[in-house]
Amino acid sequence: MGKLTILFLVAAALLSTQVMVQGDGAHERTEAEEPQHHGAKRQDGTGGYPVDDVDMMQRIFRTPLKRQWCQPGYAYNPVLGICTITLSRIEHPGNYDYRRGRQ
């Protein structure tokens, strides 16, 4: 137990000195050094999103592969990444046109 406690104290002391050394050499960022936040408003005052971001978002939302077309009675669950059964499929198994009635 004594060796483990000493080892823990030495590790804590090393970590604290490392943090102090990093803190001494730090300086404040200027506006040029600050990272550009993705999706932030334009800096030129016109508002809206940059053209590249709009183009990227349109590509994502219009691509059929991103929507993952599933067979009738199933819907794509983006969290699971698979097609999952819908409630209407459970209520009306084997008849996905139940709303139209029998024709």
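Note that Cβ sites are derived from N, Cα and C of the backbone, with glycine treated the same way.
Fair warning: this is a prediction, and the values are worked out from it, not measured in the lab.
Look at Swiss-Prot and you will find 1-23 tagged as signal peptide, backed by sequence analysis.
Annotation source Swiss-Prot lists region 'Disordered' at 25-50.
Taken from Swiss-Prot, the feature compositional bias 'Basic and acidic residues' applies to 25-44.
Counting every protein chain shown, the Cβ of C83 (disulfide bond) has 15 other Cβ atoms within 10 Å. For C70-C83, the entry in Swiss-Prot reads disulfide bond, with the evidence type experimental evidence.
Of all the Cβ atoms in the protein chains shown, 15 others lie within 10 Å of the Cβ of C70 (disulfide bond).
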